[in-house]
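Taken from TrEMBL as is:
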type	residues	note
BINDING	C:His101, C:His103, C:Glu108, C:His147	Mn(2+) binding site
BINDING	C:His103, C:Glu108	oxalate binding site
DISULFID	C:Cys24-C:Cys39	disulfide bond
DOMAIN	C:53-199	domain 'Cupin type-1'
SIGNAL	C:1-18	signal peptide
Number of protein chains: 6
Amino acid sequence: MILPIFLIFSLLTSTSNAAVQDFCVADLTGPDTPTGFVCKKPAAVTVDDFVFSGLGAGGNTSNIIKAAVTPAFADKFAGVNGLGISMARLDLAVGGVVPMHTHPGGSEVLIVVSGSICAGFISSDNKVYFKSLKKGDIMVFPRGLLHFQINAGGTSALAFVSFSSERPGLQILDFALFANDLPSEIIEKTTFLDDAQVKKLKGVLGGTG
Amino acid sequence: MILPIFLIFSLLTSTSNAAVQDFCVADLTGPDTPTGFVCKKPAAVTVDDFVFSGLGAGGNTSNIIKAAVTPAFADKFAGVNGLGISMARLDLAVGGVVPMHTHPGGSEVLIVVSGSICAGFISSDNKVYFKSLKKGDIMVFPRGLLHFQINAGGTSALAFVSFSSERPGLQILDFALFANDLPSEIIEKTTFLDDAQVKKLKGVLGGTG
Amino acid sequence: MILPIFLIFSLLTSTSNAAVQDFCVADLTGPDTPTGFVCKKPAAVTVDDFVFSGLGAGGNTSNIIKAAVTPAFADKFAGVNGLGISMARLDLAVGGVVPMHTHPGGSEVLIVVSGSICAGFISSDNKVYFKSLKKGDIMVFPRGLLHFQINAGGTSALAFVSFSSERPGLQILDFALFANDLPSEIIEKTTFLDDAQVKKLKGVLGGTG
Amino acid sequence: MILPIFLIFSLLTSTSNAAVQDFCVADLTGPDTPTGFVCKKPAAVTVDDFVFSGLGAGGNTSNIIKAAVTPAFADKFAGVNGLGISMARLDLAVGGVVPMHTHPGGSEVLIVVSGSICAGFISSDNKVYFKSLKKGDIMVFPRGLLHFQINAGGTSALAFVSFSSERPGLQILDFALFANDLPSEIIEKTTFLDDAQVKKLKGVLGGTG
Amino acid sequence: MILPIFLIFSLLTSTSNAAVQDFCVADLTGPDTPTGFVCKKPAAVTVDDFVFSGLGAGGNTSNIIKAAVTPAFADKFAGVNGLGISMARLDLAVGGVVPMHTHPGGSEVLIVVSGSICAGFISSDNKVYFKSLKKGDIMVFPRGLLHFQINAGGTSALAFVSFSSERPGLQILDFALFANDLPSEIIEKTTFLDDAQVKKLKGVLGGTG
Amino acid sequence: MILPIFLIFSLLTSTSNAAVQDFCVADLTGPDTPTGFVCKKPAAVTVDDFVFSGLGAGGNTSNIIKAAVTPAFADKFAGVNGLGISMARLDLAVGGVVPMHTHPGGSEVLIVVSGSICAGFISSDNKVYFKSLKKGDIMVFPRGLLHFQINAGGTSALAFVSFSSERPGLQILDFALFANDLPSEIIEKTTFLDDAQVKKLKGVLGGTG
């Protein structure tokens, strides 16, 4: 059975690039929209748009939190634009901590690849869900809720996290409160924190006001 | 405990504006998309994009319906673009009426701030749900259904309405039928209205045909 | 032109309640689902399911924050279930504050009905957007971001807020951190707060650990 | 190459019915939810759940509108539940009319299979889009907008319509206004129609009040 | 009752084109986004954007599969852009076959207009659902699942299919496997097909490698 | 500043479990819905609902494909229900292959934790995107497209994959075609495969017909 190619391909004539939209690789030079970046022209897309090597090495954990978060969101990993998924790498040196934070735009699943991590989140009705995770354990953190990760062992820990959004956002509580020019008086009124505490952390994190 | 700032901030390097998308303030000079206007550059966004003062004063109710609807949709209130919410102000003089209409793109919640309003909607199976609302009452009108509001008291009434869309649309029945060039014959065939009635309202509302 | 009723109605035979779904009034006795409560039987639905009077009076502001938030979410206001919208009333006595909080499930629009309110939010890249709002001003707070409201005047203030979800959630920062059994050590590690500060607020808010 | 079956199938062990959700055939005996009926147990699903023969014959057009609409929504065609698509059949005898109506829950595409149909819709800004369609033409009616279809030829016409929802709803203008107990006074105030016109149509369509 | 036009129209002042978004006709010259093409300027939209005549005639079935698929997706039928619906025409000569394929982006409903079609799909748990459909029968194929259509009678068959997406995509199994440069070795390893079979079909379909 | 607890807590009275919906842990004993399982009662939810240890050990790769896929979808990992995310573990012995397959319900991101994997997908317009991935590389596979993974090195490989759905589905091409009772004649007509090839694989995979 030999199929005449020229005939078969007439079937496909109408299936141009514009007719389908399997993906929408981010074109960072174009405008942004409420649902993601505009798309790179299909003809310019290559397999490298769908592969990202930036999570192969850990971030620098020689900092005060002894931790590093390396994201692969749509601005770095253009292929996930519009697909509702992204990743990040989490390196925790001994004593390392990913401070209390939220992702306003997506839920997160974490898998421990090495070491041990104490992870938890707090729900809207103020219940705390936390547990010490060992290698191979996974934990889900529902969208928008405060959560944290702490190295719970005597060795460095490595985890990968995935998000239900290609740009989930990351609001780190201390940076949101103390690393900008939000007046101390407003912070104190809205958090009940003492003035000395607020000013101390503003000093540390570079905030003013 | 003094945190070395220069180290902490290395954590944030990868969290550029493009990596997150907390909001997408409408850039009305750019193209529109199926899910909203393209976004203003983050660096140009200010708090004024998220604040709108246009609902502070009522619209002019010296018209035949003795009512005014003042919207704060994404074209006026750029900060709501992509966020799935918007508002409008409703002023009803004594005897005022917001005529039968639909919002094709969203559900509506109304709160009576002063006066008394008789509001109602009609479901797909032709049941009528209407009630006289007093100050502080709220009522929801499900997406796409015909509904109306009438001043039910002896004083002017004020209400604010919110929508589950930043551009819910507004199709006022009489304007849709009588304020354009839809031929009278088609209107009559599709509404069962008498020719005289159609022509009378076309005359009043500026329709032709 | 007299239309024979018995014939016209044959057109409608197939449009039963099950064929359409204009709304899905919450049946709180049934199971919950990822997208809302199961629906009350259509035959049992009345206009009162779509009207709520619980925002007519302010909550008690004789408390430490001199403020009260009175929600009309789907559990109280069954008619909004599945419609992607809900409301709440905000009463702020002189000096009143709605502490720093997030709504994990929706964006919020606030309208000042009386008095003056200083409101603001913090974005994922730690910029602060805040402004003093006067009567009639509206402000939008994008989904999931930390925000606050403070009475900015010498009289009590009243505002109504609407959400792009029928159950937007409410995570008040201080309650999430200090009003449960999250161990002080974990709080301190993940927030950089001093031990004395944490224990003081745990004491005040009833937290343990 | 002979694959040992017993080994290959171990790969599939974890892919139970509950692990996937290709479809959710409507179980009309269970509760309804904001996103569709609960699902029939997978083991009870057969090919007949995905096939519907009810559009094979036209509805009775011996009525005043000389037209019949036969829907295949999720309540009749259980297989489309949750899939965001459904269909209906449209029979128009000579002179037949599908009166002005909306589908609150979905957009519609119509294809003319025989005869000729004048179809149109009105947008939120009151522009009219209508055209005479011949056999093979398709037309789209955006969600929630008033639209109509009229037999434009000297023979009966047949069309099939598809919707972007498995339960798009159907609100026929005249039935919504005149086939229930909405008081004439309210109708007149909110539609500008004359009292005589309202009462005449209420009489015809079985309305009261 | 004569309504002063100039007053009534003041009500509409704020309802500009930008305030509503009933539709978003595709502007194929502009950028694509994750949710569809950017919109044509409203002023340039005409009824012809919502009407498409390209399904009036069948495609050429003088090919090896004796079948033709003629799509009306958003690139051809600009009016459906963003509306979540589209159509295609299916012509099957005697012996005609639409080969095994998937639509990654949407569910499909098929209606048989003439002839008889054997249609089926395979679920994730490898169950087969297929049936011989006669004129007037409709069948739904859930999103993303392998399915096929075969002329089951002695005459040509005609069907129209609708999709729950304006660009559902179309991945024809044989073309995906054999009509490109995917190395034979990879195909054989991932499909268990024999080398001779793979090379034969690559030859027929123009594949290399 | 000592806050009177009894007063503060009055603020929270109205924030019951039903008022918020941070998550919806799957109750597998209840009905399924188009958007996920019904929710476990909030009072019965514990941290263990959000943690899953089933990916800690690899599946058995002593099978013909020398590979094992171990999923953590909503039926096993109840906490992800409704959150739009899930995971799976991928073990590839030397020579191991995850055969050509699709996930009808979600996009996938893969991260190589050890070893080397050749992974690829085919788009709707039949282009092939494949690459050899080393430890730390991530690759995204857009929703619904055929894709595969092959151990590309001389040691076993381990990868974790995440999905943009809590129940993405898994349709393995060979099992869909050959592991059921789909008649050989239909397979041959719709895939162009030779009868001998079809029967050989049906034999291997346990198919009939």
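Cβ atoms here come from the backbone N, Cα and C positions, even for glycine.
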How many neighbouring Cβ atoms, not counting its own, are there within 10 Å of the Cβ of C:His101 (Mn(2+) binding site)?
21
Candidate with the highest Cβ count within 10 Å, taken from the disulfide-bonded residues C:Cys24, C:Cys39:
C:Cys24
Inter-residue C-alpha distance, C:His147 (Mn(2+) binding site) and C:Cys39 (disulfide bond) (nearest angstrom):
33
How big is the Cα-to-Cα gap, in Å, between C:His101 (Mn(2+) binding site) and C:Cys24 (disulfide bond)?
29
Look at the binding-site residues C:His103, C:His147 and tell me which residue has the greatest number of other C-beta atoms within 10 angstroms of its C-beta.
C:His103
Short-range recorded positions relative to chain D, from C:Cys24, C:Cys39, C:His103, C:His147, with Cβ separation under 8 Å:
C:Cys24, C:Cys39
Environment of C:His101, C:His103, C:Glu108, C:His147, the listed Mn(2+) site - residues of the same chain whose CB lies within 8 A of the CB centroid:
C:Thr102, C:Phe121, C:Phe141, C:Leu145, C:Leu146, C:Pro168, C:Leu170
Separation of alpha carbons, C:His103 (Mn(2+) binding site) and C:Cys39 (disulfide bond) (Å):
24
Cα separation, C:Glu108 (Mn(2+) binding site) to C:Cys24 (disulfide bond) (Å, whole number):
22
Which ones, of the binding-site residues C:His101, C:His103, C:His147, are Cβ-proximal to chain B (under 8 Å)?
none
Which residues of the same chain, at least 6 positions away in sequence, have a Cβ lying under 8 Å from the Cβ of C:Glu108 (Mn(2+) binding site)?
C:Val140, C:Phe141, C:His147, C:Val161, C:Ser162, C:Phe163, C:Ser164, C:Pro168
Give the helix, strand or coil assignment DSSP yields for C:His147 (Mn(2+) binding site).
strand
The domain 'Cupin type-1' (C:53-199): DSSP-derived helix, strand, coil residue counts:
22 helix, 56 strand, 69 coil
